[in-house]
Amino acid sequence: MPVAWKQTRTYQDILYETAEGMAKITINRPEVRNAFRPETVMELMDAFAAARDDGSVGVVILTGAGKEAFCSGGDQRVRGEGGYVGADRIPRLNVLDLQRQIRTLPKPVIAMVAGWCIGGGNVLQLVCDLTIAADNAIFGQTGPQVGSFDGGYGAGLLARTVGQKKAREIWYLCRRYTAPEALQMGLVNAVVPLDQLEEETVRWAKEILAKSPTAIRVLKAAFNADTDGLAGIQELAGNATLLYYLTEEAKEGRNAFLEKRKPDFSRFPRLP
Ligand code: S0N
């Protein structure tokens, strides 16, 4: 049965739909192969924040409208000096904020990729937890060809994902890679016929939804901690704090303060 998506928030450049424990966020600018402008990124950040706060959402799917493209990166028509320029005339590289938001979202994000997945679009799928690609998907970086580069996750996480040599090839030569090639290099998790893309992505999402949300949450933070330095450790440690807050031991500390008495931690075990 196809998912009966319900549009639960309204935006200009993106779509936000929810159903059955999933949120689907769609970049909706097919006329420019779903390139993002500053406003697109602002809307995406708002949508991801909504998905984070919605307790009924356990998995987020990020995709692009139509069959032609997942995302072709930054909208080159509004690339000014010092960044991409929106209606407020402020030059921004706010997709970097979005990348971090996807990484730190305490729920898995699955990129559902059909067609072009290029430049900043490829970095967006890279920072997602998992990627399901249609057999028409094409991946690549264009930075050195169009006068830009992403030296953050776009370089470092790519190298951790596909290996140093391959990552350097991808950036230095700006070649394009088919979905099977992307699968072979570990850039995506699965390749399926285009007409089965959403069905397969939803199948993966539902498999995750059947698992322990806390275990998945901490695992995501643990994978991030390996690559994200102190920010990654902060995220992982935040989960430890969250779990600690739920214990009687932590509540004793809070209660003692509120009751203006000394805390009594003597009944709590010091486990080996
Ligand atoms: C995607 C491509 C390969 C599709 O080719 P195809 O199918 O032949 O279609 P086209 O006719 O080329 O395109 C259809 C229409 O869409 C427009 N269009 C496509 N991509 C863009 C885009 N990125 N920006 C604006 N318009 C786009 C075409 O112009 C065409 O419109 P019309 O019909 O009116 O002519 C092919 O289109 C392609 O190669 N696109 C460009 C890909 C690219 O180079 N993207 C930018 C890469 N850079 C980034 O993404 C930067 C990301 C970023 O913000 C950043 C982040 C961190 C640090 C640094 C940066 C940074 O600035 O680099």
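Glycine is treated like the rest: Cβ placed from N, Cα and C.
What TrEMBL annotates here:
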type: BINDING; residues: Arg33, 72-76, Tyr84, 116-120, Thr142, Ser148, Tyr245, Lys260; note: substrate binding site
type: BINDING; residues: Gln141, Thr142, Gly143; note: hydrogencarbonate binding site
type: SITE; residues: Tyr84; note: site 'Important for catalysis'
type: SITE; residues: Tyr245; note: site 'Important for catalysis'
Listed binding-site residues with Cβ under 6 Å from ligand 1, out of Gly73, Asp75, Gly119, Gln141, Thr142, Tyr245: Gly73, Asp75, Gly119, Thr142
Gly143 (hydrogencarbonate binding site) and Arg33 (substrate binding site), Cα-Cα, nearest whole angstrom: 17
Surrounding CB atoms that lie within 10 Å of the CB of Tyr84 (substrate binding site), all protein chains: 25
Rounded distance in angstrom between the Cα atoms of Gly143 (hydrogencarbonate binding site) and Cys117 (substrate binding site): 13
8 Å Cβ shell about Gln141, Thr142, Gly143 centroid, hydrogencarbonate site members excluded: Gly73, Ile118, Gly119, Asn122, Gly140, Pro144, Gln145, Val146, Ser148, Phe149, Asp150, Trp171, Cys174
Count of other CB atoms lying within 10 Å of the CB belonging to Arg33 (substrate binding site): 22
For Gly119 (substrate binding site), nearby residues of its own chain (Cβ under 8 Å, 6 or more apart in sequence): Ser72, Gly73, Gly74, Gly140, Gln141, Thr142, Gly143, Val146, Ser148
DSSP state at Cys117 (substrate binding site), helix/strand/coil: strand
Least surrounded among the binding-site residues, given as Gly73, Gly143, when other CB atoms within 10 Å are counted: Gly143
